[in-house]
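If you look up Swiss-Prot, you'll see D178 marked as active site, proton donor. According to Swiss-Prot, the active site, nucleophile annotation covers D199, on the basis of experimental evidence. Annotation source Swiss-Prot lists signal peptide at 1-24, citing experimental evidence. According to Swiss-Prot, the site 'Transition state stabilizer' annotation covers Q177, on the basis of experimental evidence.
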Amino acid sequence: MLKTISGTLALSLIIAASVHQAQAATTYNAVVSKSSSDGKTFKTIADAIASAPAGSTPFVILIKNGVYNERLTITRNNLHLKGESRNGAVIAAATAAGTLKSDGSKWGTAGSSTITISAKDFSAQSLTIRNDFDFPANQAKSDSDSSKIKDTQAVALYVTKSGDRAYFKDVSLVGYQDTLYVSGGRSFFSDCRISGTVDFIFGDGTALFNNCDLVSRYRADVKSGNVSGYLTAPSTNINQKYGLVITNSRVIRESDSVPAKSYGLGRPWHPTTTFSDGRYADPNAIGQTVFLNTSMDNHIYGWDKMSGKDKNGNTIWFNPEDSRFFEYKSYGAGATVSKDRRQLTDAQAAEYTQSKVLGDWTPTLP
């Protein structure tokens, strides 16, 4: 018996030592901490990014727990942010599209972003990215209040057309209107949590979401029986095969205060675009959102329409049936099969595997 116990103890010590060695073997090119004063650790993420050498070799930054009030633009390829924990390592800013710059101009939707990705092969893991613009407080103001911001889009994460192969693992994105803007390349979101109200996942990029929570937030400014928001607003070009693809995920409510049938799965965004014959809603933005094997709470009612401007400046409507909006094996209180919620066949659903959506890119972490 003693021999067996000794052997078990020895094995346990070997395993513990192996785990310790594996952790010690994890190397970071830079470490960020709000509390360290050893002279080797950066106090801001921006300073850590600036320390990365030119080139495109992998550069990995460990972000210790803390709230970092920073706005970041990533332009270096192969940069990787690793948080100490998803809820503990927080990058936050509070800028809305209507927030004024020092010169009096507005930041605009894209300019409101807390983090902007304009590089290839970026990754973020185990951290939170927030846009802390106080949407509820702003909406509670009187329309006659000069401090009330009219353009309330407030992006937490923006992947630009210069971005490609952006990988987000165990990341929380927090905002209200326009939380996540994917405008270019390919992005992969795995085990993530994305919360918002109006069009909180939008854009014309290709983005695959797997095992994610899409969280609809409560709005005190919306009267009972009215629509509170929309999960997606894709503007995918007609020649692009994939847009926003959500698989094996959960469409949930922030709390029971979110009413039943108050959120749409998506609406078609045709962004106002300048053409040779004028400026009007892009007719080629035949947006795609597809939900596969995803559970839906009862706050979901289906798809919706969205307005735009024609060549003469008149309001026109774009209907969901004219877009690429589909579901496959949705389930839960918010799932239903009807003519207004088109379903994929098994053969069609087979076209939405990770390898097909992301092509020649297999997401990996450093």
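Note: Cβ is positioned from N, Cα and C throughout, glycine not excepted.
Sequence features annotated in Swiss-Prot and their locations in the structure.
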{"residue": "Q177", "record": "site 'Transition state stabilizer'", "Cβ neighbours (10 Å)": "23"}
{"residue": "D178", "record": "active site, proton donor", "Cβ neighbours (10 Å)": "28"}
{"residue": "D199", "record": "active site, nucleophile", "Cβ neighbours (10 Å)": "24"}
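Each residue contributes its Cα atom, and for Q177 (site 'Transition state stabilizer') and D199 (active site, nucleophile) those atoms are 6 Å apart.
Taking only the Cα positions, the spacing between the residue listed as 'active site, nucleophile' and D178 (active site, proton donor) is 5 angstrom.
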